Amino acid sequence: MHDNIFLPDAFLAQVQETMPSHLSMDEFIAACKRPLRRSIRVNTLKNSVEEFKQRAAEKQWDLEPVPWCDTGFWITRPESDTVKLGSTAEHMAGLFYIQEASSMMPVTALLKDNDDIEMALDMASAPGSKTTQLAAGMKNQGALVANEFSSSRVKVLCSNIQRCGVSNVALTHFDGRVFGGWLPETFDSILLDAPCSGEGTIRKDPDAMHNWSPESVIEIGDTQRDLIESAFHALKPGGVMVYSTCTLNHEENQNICHHLVEQFGDAVTFKPLGDLFENAEKALTKEGFLHIYPQIFDSEGFFVAKIRKNSSTTPPEVKKRLGKFPFAPASNKEAQAIEAELKSTLQLAIPEDNEFWIRDKEVWAFPKRMKPLIGEMRYHRIGFKLAETHKKGYRWQHEAIMALATADNPTCAELTTEQAREWYMGRDVRPDFSGKGETIVTYKGAVIGLGKWVGNRIKNGLPRELVRDGNLF
């Protein structure tokens, strides 16, 4: 129990005033004091739910389905399992993502009746839980622009995208308010999981409310209004967007959505979410939004609204300042050479939805759907880095292997548990078998990296920033 949890009187008064009458204040406070249940989402870009369930059963992990996400589960592990969930082999291989259950709901809402997305935007995407969930829902097809304003969070976003084998994402690093003017009516689907006061996160962080004040809520609301306007301008007519927060007050939730109607009138339609999952009506507002108080589903507090854009809007005028784009498309000859080498050395091929772009000695695989947006905005990175050229051919990259390879590849080398630990510590390994050339390294049927045979050992190709120490699986 989080008995020492800090709940300001002004916050409790606000909840008392706005919480539906059928919900109990005592139950709300009791729920806030209960530790949050641990939850994960299976990454279907790497394994199916059934395959993951088998792995979990072997490890005696108990999985309870999250009602609003087909790939989400609350997880309970044996007390004897002392390895941190993030240090398990399954997590490091990208087979699952540690994600709070409520935060899976926005992407579920965005994908409902919307399974043919060509161009999507995740406007505030770090650390990457919803970006990777959306990419999996898109099956790595189309294009997904993942934006993050915070410099310190871009690195972890990039790391999670690579770990999960996402290949259709372009990363940007801007204040989300620029999208409406820079890329007007460009995206058919937009997720705006807005920065907020975090009132719903108190079960995870007992100190979450120490910096809370009614004044800070109003200030954050001003930013949210700007962001939702920008998102709506960036949305194509006929497109849908989801606005979500992990907070509970109306100022940052219902009022922000109503502001959109005040600004754009009949161009806005709220899409009711009462049938999103079984018992969703328990959290349904009169507008059709989902306002999740922590006691309803024993989860974090959350808010989700789905909005359709019915007609065109006039975007703000902007002056773009863009430097020269440093990449050029690979020529047909270059592309054929890259494909042939990738096939002959690693028995791999680039997905049809990607194409080669060159920067100096680097070869990248961009989502084809990104091509119309090149030159319209600056990008932190697009797609994934496939290789670096050298005198004898190509030096394939770890992130490309994580995006392209599967454990049934004929070049795979399967490691033992001890060898896999050594691998993640950045050391070369010496299996009791031999091979030649570059090899895809696997552990328990999951790809974990790329190595190269040197005599009877596999030279470790794990990027330095991924090297781990301590208590691993």
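Glycine is no exception: its Cβ is also placed from the backbone N, Cα and C atoms.
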Message: Record says Ala124, Ser125, Ala126, Pro127, Gly128, Ser129, Lys130, Asp175, Asp193 bind S-adenosyl-L-methionine. Source is Swiss-Prot. Which of Glu100, Glu148, Glu215 does it list for that same site?
response: Glu148
Field: Ala126 (S-adenosyl-L-methionine binding site) - helix vs strand vs coil (DSSP)
entry: coil
Cβ packing number for Lys130 (S-adenosyl-L-methionine binding site), 10 Å threshold: 26
Largest CA-to-CA spread of S-adenosyl-L-methionine binders Ala124, Ser125, Ala126, Pro127, Gly128, Ser129, Lys130, Glu148, Asp175, Asp193, angstrom: 19
Query: Once the DSSP letters are reduced so that anything not helix or strand counts as coil, what is Cys246 (active site, nucleophile)?
result: coil
- prompt: Can you tell which of the recorded positions (Ala124, Cys246) has the fewest other C-beta atoms within 10 angstroms of its C-beta?
  reply: Ala124
Separation of alpha carbons, Cys246 (active site, nucleophile) and Gly128 (S-adenosyl-L-methionine binding site) (Å): 15
- prompt: From the Cα of Cys246 (active site, nucleophile) across to the Cα of Ala126 (S-adenosyl-L-methionine binding site), what is the distance in angstrom?
  reply: 14
